[in-house]
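Residues annotated as signal peptide in TrEMBL: 1-18. The annotation domain 'Beta-mannosidase-like galactose-binding' is assigned in TrEMBL to 62-178. Feature annotation from TrEMBL assigns domain 'Glycoside hydrolase family 2 immunoglobulin-like beta-sandwich' to 235-330. The feature domain 'Exo-beta-D-glucosaminidase Ig-fold' is assigned by TrEMBL to 783-889.
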Amino acid sequence: MIRSTLVSLLAASGFCAASAPAPAPTPLISAAGEKAAIPRWDLQSTAHVDKDLAKLSQAGAADTSSWHHVEASRCTLMGCLLETGTYKDSELWFSDNLARFDGSIFAVPWVYRSEFALPPKRQHVLLETNGISSKADLYVNGQQVVGADVQAGAYAGHTYDITHLAAPANALLVRVYPTQYLYDFGVGFVDWNPYAPDNGTGVWRDITLRQTGPVALGPLSIMVDAPLPIGERPVTVTVRARATNLENASVKLAATASIADPVGAAVGAQNQSVTLAPGESRYVEFKHIIRRPQVWWPKAWGAQPLYTARVELAVAGAVSDKAASAFGIRTVTSAVNAHNDTLFTVNGHPFQVLGGGYSADMFLRWDGRRFARIAQYMLDMGQNTIRLEGKMEQPELYAIADRLGLMVLAGWECCDKWEAWSYNHDLSVDPPPIWDDRDYAIANASMAHEAAVLQTHPSLLGFLVGSDSWPDDRATDLYVDALRAAGWQLPIIASAAKRGFPARLGPSGMKMDGPYDWVPPSYWFDTNGGSGADRYGAAFGFGSELGAGVGTPELGSLEQFLNATDLEDLWTRPDKGLYHMSKKSMFYTRRIYNAGLYARWGPPASLDDYLMKAQLTDYEATRAEYEAYAALWSAAPRPATGLVYWMLNNAWPSLHWNQFDYYLRPAGSYFGTKTGARLEHVAYDHATHAVWLINHALDRRGARTVQADVVDARGKTLLARQTMTASTRPNASRKIGTVRGLDGFRDVVFLRLTLSRGRRVLSRNVYWLAPGVDVLDWNNSTWYHTPVAQYVDYTPLSRLLGPASVTVTVGAVAAAQEGVAERAVTLENRSGVPAFFVSLNLVDAAGVDVLPVLWSDNYVTLWPKETLTLTVGQWDDRARAVEMKGFNVKAATVKF
């Protein structure tokens, strides 16, 4: 009260105290061993800024009030403009709006600018680039640090010593140049989706600052020597990093390395003294013995314990630099078998890759929480590997994969500058823009940087140095040498195809023969007697990218990106080119897909009818692919060693090539995959009526019972409780019998296979079967499709299958596990006919889909009078109701 009165009197008398000085900005880094990303940017086109970039890069010298102000550390130009609200992706992606975007604003360079503070008394300051697409000039405090002739390539990270430029107040300016995919090393999407208007140009990964003492420490490499059987004997862990003397005089340093186990307990520590000459750089290396190793496994095979290695350098008793990295104890190998097919092993066990091809966001926006959900979706579907074709995203991706137990098959992308070889005539320009010396230098820097990012992560399965084409000998040498220099212990594979290979690496052992568009379920089991001859993508060998082109979103998602005319076209114009397909390719239409849908299920009567038939088509397509590869994994003359489904997800809202849509809504393709890739499973071969017992686990064995039941569309029992007993073996599949009586039926029937261990049901699998089988015209196959000479006919179902009455009961929330709260949802078919293809959807109070979501099963078929309990898991509490619909089940909503 006294102070307030005094201030008022002073003001009335004309005395005003000077305003308090603004607090000094907090230094971005302040001690040796610290590292921080440039946290925010001011962004503008060079068409609207001072041409004197040196002046513009001086602290306090630029008026950026009219610029775009981005509260993000990393974003492409479009990503930044979306972050600031200049554009909205929901508007850009609606209908064909993106096609009308004026991309000419990105025809000139743009500048990123940021000011930051450093402590008045500094040591050495290093500026690190980790990903700028595709080339840039960098300025600090009025001086150019590097030009686009060196800072080029989206993955080419570099470290620049800016100690001589650093001051208490600093400015960094980055001028990025327009990316041209055929001529620059960018991050492109080929025919997956339309290109972003900016072609992904910009600072898409963090630019970081590091402070060090006299000696700087490079990235850690961690090499694990684990004898087999893994975990039974001690392992040797070698921790290595490069120490660089930044001074003009010799420096003696003390290096310390330590390892902590997964709960943080010390495993061991070592010290050594090193003297470095002026400017000298050399490795410091430490070998540790872990006598009782905890082994890291893929999710389906075990736990994911992570150790931590730390290295610290000290000069004259003071910390000069330090680094730490998590790692896991595991081994990975690959070899090409007698059939020229690649087979991986993990921890000494043959590992069948059941994977999906990943896409980054169209604008390269990274959301770690979203990716974690995607990874959890993959594991929920039964997948074990994610393929990254040139979409290596952010370092956080690999940390998430390590934690969850998802293997990662990384590698470079196809069809642009990355594969511009004289012998590659598949680019959209011919002759291709062949690499010159500068290109090889960019590729070398790119591989060295990515090798350092990836090397310590136990989730890595290998690296593909080519995709559709293989690198020439010079590129192969620099790729392999860069990986080896980083301590790489994993497979290095020439490409994802069998079109050629460099002598140093040998054959890739991976096929890339399609399909990429719709094929019927019978396609996958037809291996031509097991040889695979002329059977393209069927279940033999290793398919690096293949699928039936499916992935139709449900209505709740479609309405977010299609207008009324688009929705009408989707079901009434089966051959029309659709913008949300792949416009610049043969995948612009749904012609092949719709030909199968119309022939097998009949012309749709409405949009809802079309979507029901699309989900049926998608479900059986993905289920058959995963079942065939799983069944023929170990019991076939030519084993099916792995598959990467094309694709896992989309860069934007798409009408095909996904196992869940852009909004993370799982539908037919998701649950077909989940059924077909179950850990223990029973599957049916349409062509031979064979029943296959499948076991992907390492710790499950013993007696199993399979029961087969068949009913017709009217609910009449045609086969009851045909029982097959067999013993299951770990990581193996086997044929255990055939289903009786399936040759004589005249109409569509339903087959239910149930796999049990004692009284516990391990897998429940329902097929709808028409007389005959889809007949494929193998002789007229293309790289993306095999025609169908004769389709099966499911159209009688609409006439024969009467309405089913199904009730839904929703239980209370059970205890949350791993952040996912579960409810039981019980379906009861009170009818005398099958309730066919019943799907459930979780919605909020407004009827909006609650996503992401985990269903134990979905799109299920219930026998007459059958009760089936499912579970649904969610990450939040927005859900208020369950929506139900089915082929012959009236749509209903049950609130809770």
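Keep in mind that glycine also has a Cβ here, set from the backbone N, Cα and C atoms.
Broken down with DSSP, the domain 'Beta-mannosidase-like galactose-binding' (62-178) shows 19 helix, 44 strand, 54 coil. Applying DSSP to the domain 'Glycoside hydrolase family 2 immunoglobulin-like beta-sandwich' (235-330) sorts its residues as follows: 3 helix, 63 strand, 30 coil. Along the domain 'Glycoside hydrolase family 2 immunoglobulin-like beta-sandwich' (235-330), the predicted structure has mean pLDDT 98. Counting residues of the domain 'Exo-beta-D-glucosaminidase Ig-fold' (783-889) by DSSP class, helix then strand then coil, yields 5 helix, 54 strand, 48 coil.
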